[in-house]
There are 6 protein chains.
Amino acid sequence: MRVDGRLPDQIRQVTIERHYIKHAEGSVLITVGDTKVICTATIEDKVPPFLRNTGTGWITAEYSMLPRATQQRNQREATKGKLGGRTMEIQRLIGRALRSVVHLPTLGERTIWVDCDVIQADGGTRTASITGSFVALVDALHTLIERGTLEKMPLTDFLAAVSVGVVNEVPVLDLCYEEDSSAKVDMNVVMTGSGKFVEVQGTGEESPFTAEELQNLLFLAQKGIGQLIRTQKDVLGRVGEYVGKI
Amino acid sequence: MRVDGRLPDQIRQVTIERHYIKHAEGSVLITVGDTKVICTATIEDKVPPFLRNTGTGWITAEYSMLPRATQQRNQREATKGKLGGRTMEIQRLIGRALRSVVHLPTLGERTIWVDCDVIQADGGTRTASITGSFVALVDALHTLIERGTLEKMPLTDFLAAVSVGVVNEVPVLDLCYEEDSSAKVDMNVVMTGSGKFVEVQGTGEESPFTAEELQNLLFLAQKGIGQLIRTQKDVLGRVGEYVGKI
Amino acid sequence: MRVDGRLPDQIRQVTIERHYIKHAEGSVLITVGDTKVICTATIEDKVPPFLRNTGTGWITAEYSMLPRATQQRNQREATKGKLGGRTMEIQRLIGRALRSVVHLPTLGERTIWVDCDVIQADGGTRTASITGSFVALVDALHTLIERGTLEKMPLTDFLAAVSVGVVNEVPVLDLCYEEDSSAKVDMNVVMTGSGKFVEVQGTGEESPFTAEELQNLLFLAQKGIGQLIRTQKDVLGRVGEYVGKI
Amino acid sequence: MRVDGRLPDQIRQVTIERHYIKHAEGSVLITVGDTKVICTATIEDKVPPFLRNTGTGWITAEYSMLPRATQQRNQREATKGKLGGRTMEIQRLIGRALRSVVHLPTLGERTIWVDCDVIQADGGTRTASITGSFVALVDALHTLIERGTLEKMPLTDFLAAVSVGVVNEVPVLDLCYEEDSSAKVDMNVVMTGSGKFVEVQGTGEESPFTAEELQNLLFLAQKGIGQLIRTQKDVLGRVGEYVGKI
Amino acid sequence: MRVDGRLPDQIRQVTIERHYIKHAEGSVLITVGDTKVICTATIEDKVPPFLRNTGTGWITAEYSMLPRATQQRNQREATKGKLGGRTMEIQRLIGRALRSVVHLPTLGERTIWVDCDVIQADGGTRTASITGSFVALVDALHTLIERGTLEKMPLTDFLAAVSVGVVNEVPVLDLCYEEDSSAKVDMNVVMTGSGKFVEVQGTGEESPFTAEELQNLLFLAQKGIGQLIRTQKDVLGRVGEYVGKI
Amino acid sequence: MRVDGRLPDQIRQVTIERHYIKHAEGSVLITVGDTKVICTATIEDKVPPFLRNTGTGWITAEYSMLPRATQQRNQREATKGKLGGRTMEIQRLIGRALRSVVHLPTLGERTIWVDCDVIQADGGTRTASITGSFVALVDALHTLIERGTLEKMPLTDFLAAVSVGVVNEVPVLDLCYEEDSSAKVDMNVVMTGSGKFVEVQGTGEESPFTAEELQNLLFLAQKGIGQLIRTQKDVLGRVGEYVGKI
């Protein structure tokens with residue numbers, strides 16, 4: 001029995017509220033249990049120097065937590081004057097994951113800035129950020145189509161992420177903060193709608209793990225991601241049907 | 001007639017949702033028209049060096065905007081590696097304003113960190129931050145009283161803030177972003193529940209103003225702040241009755 | 001009776017020495033009592049990005065104190081690696097105040113950098129900086145006229161600033177450091193030669209103030225600024241006559 | 001056939017030269033093909049704040065490349081004034097990986113600083129850093145035992161790392177730079193001497209991968225790491241026998 | 001004939017005005033031709049960590065130029081967020097030079113902060129800083145003696161500095177900016193009252209120099225420093241007699 | 001007798017290994033006793049802004065030490081976020097020294113980046129950096145000639161550097177770390193193949209020195225540099241014959 005009464009293979013309740021910030025081309029509030037993240041997607045009509053005059057676009061992501069998103073207040077990185085290693089690692093992961101399902105030449109020479117701001121944290125903020133910002137990205141791209149700027153949706157597939165881990169010797173799906181703190185193995189998995197892996201990041205700092213444990217965890221992740229993608233499809237409705245038509 | 005149909009002396013609709021972030025001792029979401037700010041108050045059991053062993057506490061504030069709170073995306077200050085002048089000015093103002101109604105020796109040797117994070121901006125973010133964070137502060141201090149840590153509420157009075165300005169030659173109350181952009185005179189006013197001024201910051205960069213214009217603006221501000229304080233009292237209910245009993 | 005024997009409505013002795021730094025287009029040493037500030041105005045033939053190709057110029061200001069301008073040595077901001085909030089606030093104020101009397105299209109696409117460096121501090125450094133740098137600005141602009149670069153003086157009016165405050169329950173004009181430290185209300189006022197307000201920044205952190213107190217302080221400020229502008233006119237002589245002829 | 005003539009499951013030639021820097025408690029030069037990394041281990045008799053008075057030690061790692069370790073010169077991070085995201089990610093990985101085989105309470109209240117400086121880069125610098133710094137760590141800890149400071153070796157197992165990837169549709173082991181640039185899937189794997197996983201970091205930014213591909217890559221990694229650990233044992237000789245006796 | 005009519009072995013006019021800043025324990029305005037530097041000496045009752053509990057004091061120096069001390073305005077290092085190499089080099093030189101004539105154990109566990117701020121620059125700012133700050137240092141130490149804090153003056157000798165160089169093939173003394181810009185060899189020399197060298201820094205970036213040229217330059221420097229030390233003795237009067245009595 | 005058994009006028013054993021890093025246009029490992037420095041020279045086809053469209057090239061140098069090059073580990077400057085004063089001073093010296101023997105117009109509009117990374121330090125790292133990077137520079141320029149990019153070698157002369165100092169009252173040549181720590185006078189000298197001085201930097205912080213001592217030290221330096229230049233010629237062989245043919 002898990003700390004919040006869930007079964008080992010059960011994800012937390014997920015809601016995704018679209019059009020959350022009125023100024024952004026795409027924006028959602030995703031809640032996964034008590035974890036809440038605002039994800040926005042902003043379109044900019046230029047690309048980083050290395051892509052200029054290539055006809056190819058770019059997706060880049062930034063991640064931050066409000067100082068009191070956590071149980072103890074964290075000092076702001078803006079006040080410290082630099083980003084921490086954890087933040088950099090997470091925003092690199094989000095950007096890489098999203099790019100894996102975007103056909104960048106179809107996007108054309110524009111950058112999409114994805115901002116993930118954690119309002120309240122209870123474990124799984126990086127995976128919720130990926131799952132939520134995929135929906136914000138769909139909305140932002142759909143805006144471009146509606147404006148006639150883009151002819152077709154440059155997304156090749158759906159994309160979502162979940163954490164898995166070994167807690168009290170049991171492989172479990174979608175860890176809350178309390179579970180995460182005591183997990184011996186901790187893994188973040190990003191997958192596409194067609195069931196392929198985009199990122200697998202497993203860490204056994206506390207205790208190395210076997211090939212069999214790895215299999216069990218990947219199996220759980222696959223199950224959870226399937227459910228998350230169903231939620232994305234539900235909230236996107238007809239707009240979601242553009243995805244993968246490329 | 002104003003851009004959103006209000007009368008010159010009419011404030012926008014205000015709501016204050018308490019207990020918005022589960023981890024914080026005090027937290028609200030304040031919405032003033034389309035401006036939305038999350039304000040949290042965090043209690044820390046130590047004080048800055050200059051107050052050690054004085055038996056006196058401190059209130060400090062930090063302010064930030066999500067990158068896409070505004071019409072154009074703003075680069076994060078954490079990414080730039082430093083706080084801008086506007087941010088510093090605003091967080092100094094919030095801290096100073098709140099301290100004016102806190103009896104710091106009654107607070108004792110603890111610091112209250114007030115964090116104001118603008119989720120969506122449509123003018124008046126600094127004044128909404130003050131009005132909202134006063135409520136978060138009351139809740140955080142009330143938590144200390146309930147825990148038995150504090151004997152009485154160290155707040156001497158209520159506190160709220162509003163902007164006023166001269167738009168199209170007419171003095172108006174509570175400017176939205178569009179009005180703010182075209183205002184000739186722009187003023188932020190912070191007042192107490194008993195109608196005294198805590199801060200008056202008026203700027204006529206576009207056009208210097210007369211003593212009479214100043215009077216009219218202060219009169220409008222007084223009216224608006226009265227309404228804001230009534231809203232604070234409504235949402236605080238019985239907890240608000242502790243304020244000023246010192 | 002005030003700490004230095006002045007009457008409540010009496011300003012300190014003011015001198016403004018023009019042409020203080022040989023390299024600068026305009027430069028003064030202003031002394032207000034024991035406060036001494038070097039103000040220089042430098043002309044640069046380009047504008048910030050947001051003004052390019054608009055035909056419009058810009059005025060920007062920077063402010064600093066020598067480490068030992070004060071009773072206790074302050075660490076240099078260059079050594080700390082960043083500007084403090086107080087510095088940013090002051091330099092934003094100086095720039096905004098000066099711009100209020102400059103007709104920027106007449107200035108044309110050039111930037112004037114105003115540098116205020118406090119050599120010795122005894123209260124009122126920001127207001128002395130504004131009063132002094134206005135004179136440096138006149139000299140720098142006059143240089144442009146003499147060179148034939150500028151046809152007419154882009155200054156619409158004179159400009160000066162003074163502090164006022166409530167010390168020992170008495171409203172007083174032009175506070176020295178000792179008074180400033182014990183003031184209950186502290187206000188900086190910037191006004192034009194024609195008696196209009198450009199900035200009013202009043203703070204009652206120690207003790208909120210009434211509308212009546214505010215009136216008294218503004219009245220004192222008006223008197224002091226009148227005297228400062230007379231001093232500016234005296235030292236500028238015939239060059240001062242160009243001001244306001246636009 | 002691979003670009004340098006190797007078979008898909010063949011690692012590059014590896015040499016580990018111990019005692020490379022005379023001042024360090026442990027130091028090696030590891031060469032893996034044309035990749036060369038100096039790894040040093042420095043013992044410091046204090047721990048980070050969060051471990052004080054816990055009797056427990058800490059391992060931390062830093063990673064850097066000489067500017068001309070690569071084909072194009074890279075700007076120094078010291079000159080830029082900040083560490084890049086890639087550097088942070090790598091040094092967090094190295095530290096985490098090494099800590100997984102150290103029994104920190106046996107180490108006692110001391111920190112071991114592991115420095116990995118890439119002299120010449122040709123792919124796989126992070127995995128070479130882990131494999132090399134494990135040997136430097138053994139030497140540094142052995143120094144403590146010889147000095148009588150430490151009673152027994154706090155290492156629970158051997159540790160090495162290797163990269164694997166899918167290049168031209170073929171899963172290959174130990175990618176050189178040219179292969180790495182064109183790999184569709186890229187994975188870094190860290191394992192212990194007893195064949196358990198410590199880190200699995202697989203990325204399919206270019207092309208998501210299947211569960212089967214993942215299996216094949218992990219299988220290759222396991223083979224490569226076995227060989228690397230045999231090399232570690234060879235160069236360590238009798239000193240290596242202390243490892244795992246805890 | 002030199003650009004300003006001086007003979008090759010003639011220094012510019014030098015004045016040293018003591019007690020220039022009222023707050024500092026020692027302070028002077030030194031003018032050497034058109035070069036003007038404010039030098040202050042501040043006493044602090046603690047030492048850097050490496051000297052704690054050694055009974056030994058420390059002298060440290062900081063150097064800066066006002067932005068418009070030069071013909072072209074220089075960006076402030078505080079605005080850039082870091083000190084440039086030239087500034088670091090100069091402040092290290094000033095500190096090292098002053099320490100060479102201070103008996104640090106006699107000073108006791110206190111630090112003297114020497115601040116050199118260039119108000120107007122016309123060549124030789126680093127040497128003027130050393131010559132001027134020696135006088136400020138004497139005054140600051142004399143203050144300690146008068147307060148009874150220090151029993152005797154910890155200065156072993158007088159100290160001054162001058163620049164020399166080869167301009168138009170002629171070795172000249174005390175270069176102004178115009179000469180410095182066209183000098184083929186440029187040398188800064190610091191010497192004591194008893195005619196010994198403390199620093200010799202000669203650079204022939206434009207054109208390497210012979211041993212004979214070096215001799216001629218050192219001979220000129222010796223002459224100039226003799227005159228500077230006579231000026232120091234004149235302005236210090238009886239206070240200067242304490243120097244060297246150790 | 002010196003600490004390592006050398007005579008006062010004897011330099012340590014010097015070796016220079018060319019082509020040390022495969023990617024760089026020029027690269028050496030220089031060892032002077034136990035001091036080891038990797039010097040690389042990188043050619044970039046652009047120049048700093050102040051040289052654009054002048055037809056003239058530039059040489060710039062950067063210097064760093066691995067954290068454990070020294071007896072105590074030094075914190076990385078990349079981690080601190082800024083370069084220290086010592087580093088800046090040294091890299092300015094190396095750049096200036098190398099430029100003194102390069103005819104920059106013959107180099108044409110390109111920059112050569114010289115990187116000196118100290119792998120192991122035992123005194124004299126800055127002089128070894130200059131001596132070693134001269135050889136790397138020759139190789140990089142020779143590469144340009146071989147590619148046909150450059151018609152002739154823009155080097156006017158050979159260049160090397162050595163330290164001298166007064167240790168136990170005896171003037172000695174090429175100080176190791178232990179000698180350097182106890183030297184009363186410390187001097188770094190850079191000279192050309194034709195025996196002219198490029199830089200003379202002597203410091204008597206511990207004890208001022210006489211003109212005679214200075215002569216003795218310069219004489220020793222001259223001898224040492226002669227030997228170093230012979231070593232450079234030996235290792236360069238026929239490539240060295242291009243130097244000075246301009």
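The backbone N, Cα and C atoms fix where each Cβ goes, and this holds for glycine too.
TrEMBL does not curate its annotations; it predicts them automatically.
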Site co-member for phosphate according to TrEMBL, given D:GLY124, D:THR125, D:ARG126, out of D:ARG73, D:ARG76, D:ARG86: D:ARG86
Cβ-Cβ neighbours of D:ARG126 (phosphate binding site) (radius 10 Å): 23
Fewest other Cβ within 10 angstroms of its own Cβ, chosen from the binding-site residues D:ARG86, D:GLY124, D:THR125: D:ARG86
For the phosphate site built from D:ARG86, D:GLY124, D:THR125, D:ARG126, further residues of that chain with CB within 8 A of the site's CB center: D:TYR63, D:ILE90, D:VAL118, D:ALA121, D:GLY123, D:THR127, D:ALA128, D:SER129
Site extent for phosphate (largest Cα pair distance over D:ARG86, D:GLY124, D:THR125, D:ARG126, Å): 13
Across the domain 'Exoribonuclease phosphorolytic' (D:158-224), average pLDDT on the 0 to 100 scale: 96
